[in-house]
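Feature annotations, reproduced from TrEMBL:
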| type | residues | note |
| --- | --- | --- |
| REGION | 90-232 | region 'N-terminal hotdog fold' |
| DOMAIN | 90-385 | domain 'PKS/mFAS DH' |
| ACT_SITE | H129 | active site, proton acceptor |
| REGION | 242-385 | region 'C-terminal hotdog fold' |
| ACT_SITE | D303 | active site, proton donor |
Amino acid sequence: MAILKHDIGNNAVFLEVGPRGALAGPLRQIFAEASSPTPYVSAMTRNKDCTVSFLAAIGALYSLNVHVNLEAHFPTGTCLSGVPQYPWNHKGSYWYESRLSKEWRNRKYPYHDLLGSRCVAQPIPRYKHAVHMRPQSGREHHFPFCGHNVLADEAIRQEINAEEGFTVRNIIVSTALVISKGKPTEMIATFQLGCLTNSLNSKWWEFTVPSYNGRNWTKHCTREASAQYSPPEQAQDPDALPRKLNVRKWFEKMAKGGLNLGGSFQTLDMMASSTSEQQGMGHVVNGRQEDEANYYIHPTVLDATLQILGAAAVNGYARKTRTWLPTSIDKISLYRCTSDTITNVSAKLLSNYSVLGDGCCTCEGRKVVEAVGIRMSLADAASSGEVRDGHAAARCEWKPDIDFLDVNELFCAPVIRTDNSRLLEELGDICLLLSQSCFSESSSNTTLPHLQRHVAWIKSQSKLTPIRLPCTWTGLDNKTISARINSLLKQLEGTLAAPVASAIHQVCMNMDSLLSGKDLEDILPGRTLSNVYKYLGQLERKDPNLRILEIGTGSGVSLHREIIEDLTRTDGEILCAKYMLTTPGYLATETQEKLFPNMDFASLDICQDPIEQGFEEMEYDLVLAVHSLHKTKNAQESLANLRKLLRPDGRLFLQELCPSSRWVDYVLGALPTWWSGTEGGPIKPPYLSKEELELVLAAVGFGKPEAVVLDAEAPHQVTTSFVARPIHETPIKKVTVLVDEERSAVTHILNQLEKDGYEVIKCRLGDIPPAGQDMISLLDIEQPFFHDIDEARFLSFKTLLLGLQEHGSGMLWATHLIDIGCRDLRYAQVLGLARTIRTEQLADLAICQVDAFDNPKSIDRLLQVLAKFQSRQGDEELNPDFEWAIFNNRVQVARFHPFALTDELLVSDRPNEMATLNVRSPGRVNSLYYERHERKDLENDEVEVQVYSAGLNFRDILVALGIVELPVRLFGIEAAGMVTRVGADVSPDDLQVGDRVAGTMLIPYFTAIHSIVNVGRVTKGQSVLIHSACGGVGLAAIQVAQMLEAEFWQRRESQVLDGPLSHSEKNRIFNSRDKTFVDGVMRETKGVAWTSFSTRSQASSYMPHGVVLRNSEHYLKLESET
């Protein structure tokens, strides 16, 4: 079964080589269960000549197109030559062959990957195809709307041999084609020529595409197609559009919206849009699929046109895009093309959020695609979303830059009280002393190496333990010691240290069982051991980095929940681009609980090279290793492997056991993996001391730890936390200083630079700076440089900046405070200029705002910022920081955080606001919501009403469902309320403030009047038959007929005289659920013609249309699109 589901099972042949076909029965059962007509061949058959069976098997394989190498059986055989020629005579045919077999063998066209093969048994063109989800076809991600076009063009080519091109019109895709991963989907395309008259056919082929899912048939597409015999029109490539789009990010945005196109359909390598009009263009790469010769234009190329249409509808703003799916095209003309194309589209965003547009593709001066009336509707996933804010609103927040902070300030000791630590130490020492005195013969007879080391370590503590205990403990009996143990356990009960105290006590009480080989997990009750690890893992941390890797230990203790909670802002934004949680072994699926979309899980053994395990080098900003290092055999190799994963400016957070308390080794020493060291050598615990860890960090390329934090005051600590960064090359201390006038503040900065070891080169506007050397500008120190700047100075600055960019250098612009504590707004111009230059020219122009240039501490901070700017490194997604502010001796960095402007503007009880009903997602009535607007001034003849109750009528439902499109959507116009304002021309006799009013639209009566009076032209004395008379329109039709003094009869489900029609005569009421109404109407009307008025669809078996139309002057039938 697994082979049949795998790609290797496609078109497979099963050959059994053995004394008999023993597997024939089981294989046929498997084939039947999988609904797979897989052929089976047996080399030998029971009770048959083996030679005959073998030759029959070879013949069967040959008929199944399986090559058989006969030379392996007859290596010495030679071809017989010199035989006289046989006089073959093919004039007569003695083999009877049916038309079906002959046409099938002699097919003119091969099997097509999407259309399939023609069914020769059908008189009309009919093609059958089993659609597989083959990876090379791209269908595992997407079956395109344009794939249905391919069916049409290939069928037309085969039917009438049209090679130039074709046109398709009235394309409607009602249901998406779903392709199962395990089995193929049966699809049929049926074509036939349309009829103009009884004897004249149209040139347009009508075709439908249904599919079978194993239970029922579903119609997907209908359209009309015709061949094109004229060559394509000449056309020029469209003009370039100003807004260039990031293609990769655009596809990522579409994937987040639920439309994952996969690599096959990402054929756009350039996208652009207009800034003022809804236009878009793109360059589409053709030729990646290697099967372009099978199509006029490959569907992946056509699909790119539809992708650009969505970008054009929102002017290229990714935040405004929705997940649109094409549903219909009025007309599209295609010509054969296998080269790259330039696509140009125009679109319009309708009130129901659907997109209507046109597009064309040009190639080498020819218009190869022209589409008119492309309609795209919101997908279900996009329709169910909440209201989107179309504004690109973001808030700039200034936070301390961690690179300039004392990392020790970011840590605080967890809530572990010293009293508990002392009690634990005393309990551990008592139990250790008790174990030493109670060792039995089993302690010396244990054969397990790790237990032998545990016993040796306990004995080695015999001299140290009494020193740490009070002198009063000397000579106490076991009963007194047990009482003290119970007292300590009672004091620690209910604290964080309670699981540890229980573990120490259980190890002491069950020491003989442990030494006899019983596992520690069996000795400790419940989850005691995991709780011990949790106790060891208590810590606080703060880190603002984005890409985080947490090294898991497999013990179930993890920090990801607390870290993600700390990185989540109050508005819900998570300041983490990627969080990878690893475990050293197999990671079960049920444990992979994603707390946010950017969280991932993987297996990682830090003892091995992580690059060979699928991780990328220098990928993470922060690596968290909590209690994972002491579980490895070689701490230095493990840290070296972690070093490979850190970015050059990343940080390693390492927390390891560094206890002075002996209870840690006493409890965990019974584990097989605890003790390290060579056999016969000194007994060492697996953890390293603080000093040893610092040496190992330095040996693998880390600098001096930025912070070393104990979890408690020494000597009560259990764990020690380190924060370290990789050593990176210090940039050469050379800098060019751009100056204008050398006053005191400038001179002080120049002197400080030289004092810090910089080689300083002064430069002025108009000078040529040294190549390949960064620059710091001091032009803004005395006065704002860009305020009232003349053309000559601006051109000099422009030339200088372009020269720096050409040589790969950057500029740090020092200026006064702008964003924080601004004193002079004239300095703010450089901020907008720098952001524009970085965006348009990709130049490294950084800004550093300084609170006081006469403050030595601020100048020191400025030089630190300069050093960071000179060592800048960007990546594919984010540029390095280019904006800082020095305020109160702290270096702050700017971060822009998006927010929903509509939410920020919501204020309760605004007197000048009004609320109107709107629909969030057209097509979903349950997405109605209230939208706020400013109250407008009234026109002279207008009245404002405060609505107390409103209703949605039939017209409102049509608008909400997107069936009726209006320039401005209005709901609830049938309402009741109180007049709050009136216009100047409104007479007080008509309406005035305070009047209670109501308004409605009598749509059933409008419908009935229009149908009976305007269309049916019913007059006095005529007869009217009203179907479904109990409905709203039916009741209105009865009253209109009575008003016209016409005779009327009614059909309804029951002839019982109750409800709104209880006053009607019984002989005028007919049952709508059977055929007796025909005889009744003929009897009552005596054969006189009537007008038949149907307000809704009746059951087809009870609607004899022939009788109705034959005896009716008019037949009016109302149908609702809902």
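Yeah, the Cβs are placed from backbone N, Cα and C, and that goes for glycine too.
Secondary structure counts, DSSP: the region 'C-terminal hotdog fold' (242-385) has 35 helix, 58 strand, 51 coil. Taking CA atoms as the reference points, D303 (active site, proton donor) and H129 (active site, proton acceptor) are 22 Å apart. Its Cβ taken as reference, D303 (active site, proton donor) is surrounded by 23 other Cβ atoms within 10 Å in the chains shown. When Cβ atoms from all protein chains are considered, those within 10 Å of the residue listed as 'active site, proton acceptor' total 21, not counting its own. Residue counts for the region 'N-terminal hotdog fold' (90-232) under DSSP, split into helix (H, G, I), strand (E, B) and coil, are 24 helix, 54 strand, 65 coil.
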